[in-house]
Amino acid sequence: MLADVLLPAALAFIMFSVGLSLEAADFRHVFARPAVLAAALAGQLVLMPLAAFAVARLAGLPGELAVGLMILAACPGGASSAFLTRLARGNIALSLTVTVISSLAAIATFPLLLKLVFSHAASGAFADGIQRLGALPMERLVGSVLAITTLPTALGVAVRHRAGRGGGWRAERIVGQVALVFFAAIVLGTFLAHRQAIVSSLPEVGPAAMLLNLLAMAGGYALVALAGGHRRDSVAAAMECGLQNVGLAIFVAVSLLRQPLMAAPGIVYALVMNAGAFALILLSRKHPGR
């Protein structure tokens with residue numbers, strides 16, 4: 001019930017809330033500086049998977065946990081990134097744009113990254129984790145990503161456009177609050193259902209998750225700064241790279257691959273990434289810049 005119905009439904013609702021938070025005007029200023037946008041997207045789509053691979057190798061994670069960490073890294077940005085970016089006084093429009101683009105692009109990028117992980121890992125570092133899975137259900141994966149991330153996000157954008165600024169903002173506020181409750185329910189429900197396996201993996205996954213989050217946030221910040229972005233842009237990129245769509249990672253591990261242990265990195269990372277985000281918020285508000 002959790003894996004087959006509640007989890008994908010909750011995730012689709014969360015992604016609908018992401019779409020509700022965006023309107024066409026938000027794109028204009030962001031697309032006027034393509035180098036900054038490209039750097040932020042590179043941090044999310046390229047840096048994060050590379051960092052996860054390096055961390056998994058460095059930490060010597062067992063196959064299933066290593067693959068779970070790679071699944072997490074292949075996910076698009078988290079739905080809460082714009083809200084936390086606002087608290088950190090970052091560029092909300094850039095955060096929203098990267099979240100939506102990465103979510104819409106997930107129909108192609110997510111299956112592609114996972115296919116690369118599976119093909120290169122089958123005879124290499126994570127072979128034991130891959131061999132327990134068999135073939136990657138690529139058609140089902142593509143269909144699932146389309147149904148629970150891309151389409152709900154696009155629908156949210158369309159509803160926001162039809163409702164107008166006032167109605168769209170009210171809907172976004174209500175739906176966003178419910179979406180955060182759903183996200184917490186996804187993490188808590190998966191943890192309770194598979195707590196023994198997850199708790200036993202915590203000593204291995206915890207340090208790896210913390211290192212990955214640190215590398216992702218620092219790397220995202222640096223990439224945008226090097227591309228000529230302002231401090232607000234770099235803060236947004238750090239949030240985007242550090243906050244992942246953990247719900248999608250759990251869905252793939254539990255519902256598609258039927259490997260609950262592979263969800264452990266995502267569940268642990270959910271705690272770590274929010275701690276990292278709040279640390280950035282405190283630092284950014286204590287030392288505001290231009």
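Residue positions begin at 1 at the first shown residue.
Including glycine, each Cβ sits where the backbone N, Cα and C put it.
The annotation transmembrane segment is assigned in TrEMBL to 6-25 (among others).
The transmembrane segment annotation in TrEMBL covers 37-59 (among others).
Panel annotation: around the transmembrane segment (65-85), residues 14-15, 17-18, 21, 44, 48-49, 51-53, 55-57, 91-92, 95-96, 98-99, 102-103, 105-106, 109-110, 113-114, 117, 121, 125-126, 129-130, 133, 149, 176, 179-180, 183, 201, 204-205, 208-209, 212, 235-236, 239-241, 243-249, 252-253, 259, 261-266, 269, 273-274, 277-278, 281 of the same chain, lying at least six beyond its termini, place a Cβ under 8 Å from a Cβ of the stretch. Taken from TrEMBL, the feature transmembrane segment covers 65-85 (among others).
The transmembrane segment annotation in TrEMBL covers 92-114 (among others). Distant neighbours of the transmembrane segment (92-114): 15, 18-19, 21-22, 26-27, 29-31, 36-37, 40-41, 44-45, 49, 70-71, 73-79, 81-82, 85-86, 136, 138, 141-142, 145-146, 149-150, 153-154, 157, 232-233, 236-237, 239-240, 245, 248, 252; these residues of the same chain sit at least 6 beyond its ends, with a Cβ under 8 Å from one of its Cβ atoms.
For 141-159 (among others), the entry in TrEMBL reads transmembrane segment.
The transmembrane segment annotation in TrEMBL covers 171-193 (among others).
Per TrEMBL, transmembrane segment is recorded for 205-228 (among others).
Under the heading transmembrane segment, TrEMBL lists 235-257 (among others).
Below 8 angstroms of C-beta separation, residues 65, 68-69, 71-72, 78, 80, 84, 87-88, 187, 190-191, 194, 197-198, 201-202, 205-206, 208-210, 212-214, 217, 235, 238-239, 242-244, 246, 249-250, 253-254 of the same chain, each at least six residues beyond the ends of the transmembrane segment (263-283), sit close to that stretch. Residues or ranges marked as transmembrane segment by TrEMBL: 263-283 (among others).
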